[in-house]
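Asks: Take a look at the following structure, please.
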């Protein structure tokens, strides 16, 4: 686990050059952004390399089936009933108030509850899987030749491990160590690329083998990362059986429950497109959609690198009533959004060339898809920025209302516009929904900042 140890001289030099004149909270934010940036860029590069490797290993239709299945399974992340996000805020609050014992209780109890939920999910799925025709999700004859039930069992099994193990990422975010979370992800992705390369050299394209290669490494790195960190840097809040107190789960669930409802709405808004596209247009269109999405999502990922440390930083500032810091950093975050939006626009104008160089073959993408996706990305980044601010200070009511309303509208709108304009219509429907949400949330942030 030596890769988890950051070179001390690099960190010290970074602090001397960039963060010495900042307040303590801002130092933590800047350090995390700076140290995360290079790791995330490497991770992003690996992710982009994986797309053509995966498509060339199987084929666009099978890749579309994989994307659809993985999207459906990822929905189960929200069976944590909001515990992850609830823990993030509660853990940050406890540490900010130097209540380490309560921090241990929150963490240990969360692990216990997630483990119970994970076991229930696995047993339920294992019992019902053989009786369900999952092939009905796809409008494709190809699905008839693939054992989708077996593939789903592999994915769900891996998911159940990650469901519990990924809590280490929440802990790292809550303790202002987002960089370490990025390192764990990078290790898993690096192993995946190596295994996929070996699979391409030695085995005929197999969706089952692809699933194993894409899921197992991340589970293993999360496990090893958790063991290493809780025995070293995070030893002071390491979970243990004595600290499991289910009565405290109510505090996390009360906050997490609101996050949970928002997350359910987010599933409908942001993770149903693959299923809708696969059903209405076919798996090959899922591939076209995702290739376009992954290109422009580079900017969303960069934004995420920058604003992820701000969530817990805003929690810390809110608990300590440092409102001046909050107002100042809202402006900084909006300037970052503006800069990245210019990048999205430039990328749109050269997207045809990028697709040809990146994928290695010319994709049949409808006219206007790249334009629609670029507009969607700009609005999505604006929404994400303000969502993180509101999440950090625990102002969730307006999100709950807006997300709930939007989730009821999104699927019918996507189906209607998809039937009229195809893939372009589905992207437009998502853009309209995100535009509505982003305006409401940005107005809410403005009101809150003025009230301090």
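Cβ from N, Cα, C; glycine included.
Automatic prediction, not curation, is the source of TrEMBL annotations.
In case it's useful when we look at the structure, here is the feature table from TrEMBL:
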- 37-58: transmembrane segment (TRANSMEM)
- 64-84: transmembrane segment (TRANSMEM)
- 105-128: transmembrane segment (TRANSMEM)
- 148-166: transmembrane segment (TRANSMEM)
- 178-198: transmembrane segment (TRANSMEM)
- 210-230: transmembrane segment (TRANSMEM)
- 251-271: transmembrane segment (TRANSMEM)
- 291-314: transmembrane segment (TRANSMEM)
- 335-355: transmembrane segment (TRANSMEM)
- 367-386: transmembrane segment (TRANSMEM)
- 398-417: transmembrane segment (TRANSMEM)
- 423-443: transmembrane segment (TRANSMEM)
Asks: Can we call the transmembrane segment (37-58) and the transmembrane segment (398-417) in contact, meaning three or more C-beta pairs below 8 angstroms at a sequence separation of 6+?
Replies: no
Asks: Quickly jot the same-chain residues contacting the transmembrane segment (178-198) by Cβ under 8 Å, restricted to those at least six beyond its ends, or write none.
Replies: 3-4, 6, 31-32, 35-36, 39-40, 42-43, 46-47, 49-50, 53-54, 57, 168-169, 172, 210, 213-214, 217-218, 220-222, 225, 229, 233, 305, 308-309
Asks: Any contact between the transmembrane segment (367-386) and the transmembrane segment (105-128)? By contact I mean 3+ C-beta pairs closer than 8 Å, pairs at least 6 apart along the chain.
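Replies: Output no: the transmembrane segment (367-386) is apart from the transmembrane segment (105-128).
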Asks: Under 8 Å, at least three CB pairs between the transmembrane segment (398-417) and the transmembrane segment (251-271) (pairs 6 or more apart)?
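Replies: Yes, the stretches contact each other.
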Asks: Counting Cβ pairs under 8 Å to the transmembrane segment (105-128), which of 210-230, 251-271, 291-314 comes out on top?
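Replies: Highest pair count goes to 251-271.
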